[in-house]
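Annotation comment: TrEMBL describes B:3-239 as domain 'Aspartate/glutamate/uridylate kinase'. If you look up TrEMBL, you'll see B:Lys7, B:Lys222 marked as site 'Transition state stabilizer'. Annotated substrate binding site per TrEMBL: B:Gly39, B:Gly40, B:Arg61, B:Asn156, in sequence order.
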Protein chains: 2
Amino acid sequence: MQINIIKIGGNVIDYPQKLEEFLFLFSRFPGKKILVHGGGIMATKFGESMGVMPKMVDGRRITDADTLDIVTMVYAGLINKQIVAKLQGLNQNALGLTGADGNSILSEKRPIKTIDYGYVGDILKINTGLIENLLEDNIIPVFSAITHDKKGQLLNTNADSIASELATSLSNNHKVNLYFCFNKPGVLIDEHNENSIIPLINEEIYGELKKERVIHSGMIPKLDNAFAALHKGVNHVWIGKAENLLLAAKGKLSGTIIENHKYDLY
Amino acid sequence: MQINIIKIGGNVIDYPQKLEEFLFLFSRFPGKKILVHGGGIMATKFGESMGVMPKMVDGRRITDADTLDIVTMVYAGLINKQIVAKLQGLNQNALGLTGADGNSILSEKRPIKTIDYGYVGDILKINTGLIENLLEDNIIPVFSAITHDKKGQLLNTNADSIASELATSLSNNHKVNLYFCFNKPGVLIDEHNENSIIPLINEEIYGELKKERVIHSGMIPKLDNAFAALHKGVNHVWIGKAENLLLAAKGKLSGTIIENHKYDLY
């Protein structure tokens, strides 16, 4: 089957009105689909209201036991279930999951090299069987960014990584498209001009754009991640604004499509 | 198939050590099974640490919007996912659900008569298809006590009611046993003597025990609920201590069994 995996983060989740609008668009997105959501600033806010402050070590955010409890409550509890209930209200048969549920995403606690990130999980294996069964029954899996180690421990996990790993694992037997909803309308030539979207990037173009420093800093891991997914069989990766998701679904230019086919931009 | 539905509440969940022990026993419970958990005092504690105090109207606890957020976080998030992860660690393929997930339990907001209970749901319908599919795939559904109205609203729902309604709905096509883990070892003749367990109660005996005021106050709704389930086709209902669950599974006397067969107690 063809499977569309859509990832949203804080720039959608943190704003109730935007989340509502996104869920409406998502409900209109045709075909088999999976939603992956990060957490945004809500976990930090709830944590602070309970006296749990973000923990930083050498400038990196770490997940201690209290923080893990908070993200589990906010991501897997409040946000995930509100999204599921709202999708049900839109006649979308959503079912919320963490990686622990049905052992759908197995991780290991990130090994300590220089920094101990705490209860952070690096994904080892996706249980595609469960996900395929759900999709075949027309159920829409909605993943929060929590996984587990199969030894009883929940682990905080990067939502982009969950989306990518789901996409690559499912692409063994299916045609998978990956959609990253982003705070910009795509990859931009001029980061201050939202009309300067680069519509299509392949590896050749990516190399040139990096050399010319058009693509730099935060966009590089995002695109490296996208190309890694393509190399593992994902059909295409889209980066754009949540509000343009339906245009993307219809194949209209509405963000940046990343694919491995040769394409002559100039 | 034969399905065992086990319900635990605060007297297990509020004590990490007891929960751990219970989950080990549950993992040894043979056959197809479903776990239903209430919330205990954790939601209240977390709520208070965030400045959300329990709301009471005319002495009855109500679920306002803030309280609903808290119970969704604590029941459907923290407790549910910790239980699922721990069961996975015991090689039990658990999958956590609210009634919103897969539209598994549809409720309506309790109609306002004299008291507005707020976001409290009374169950209308169980989607047995999803639950049967999961059980057939050897997945163990783990329900938290949150449901939804299919219009986008989550609802706080009594965990005993969820267990009973699951049992009666599934008993249309299956042999269903219902196990209520309780803070006493069963229904007692003398409430101060834990050795005075009544091993078996049928409707006739229940009538007599009520007349003699051996069974009174809080036990009455519990037993009424049990008999209602039996009338709707549930095979038997067990009430006892969590630590005796495995004895119950083996058919040994270990609590009170409630059934509709004639049984001569005296």
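Yeah, the Cβs are placed from backbone N, Cα and C, and that goes for glycine too.
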Cα separation, B:Lys7 (site 'Transition state stabilizer') to B:Lys222 (site 'Transition state stabilizer') (Å, whole number): 13
Intrachain C-beta neighbours of B:Arg61 (substrate binding site), sequence separation six or more, cut-off 8 angstroms: B:Pro54, B:Lys55
Which of B:Lys7, B:Lys222, the listed recorded sites, has fewest other Cβ atoms within 10 Å: B:Lys222
Distance from B:Lys7 (site 'Transition state stabilizer') back to B:Asn156 (substrate binding site), taken between C-alpha atoms, in Å: 16
Inter-residue C-alpha distance, B:Gly39 (substrate binding site) and B:Lys7 (site 'Transition state stabilizer') (nearest angstrom): 11
Cβ-centroid neighbourhood (8 Å) of the substrate site, B:Gly39, B:Gly40, B:Arg61, B:Asn156 excluded: B:Gly38, B:Ala43, B:Thr44, B:Val71, B:Tyr75, B:Ala145
B:Gly39 (substrate binding site): tally of other CB atoms within 10 A of its CB: 24
Three-class DSSP secondary structure - B:Gly40 (substrate binding site): coil
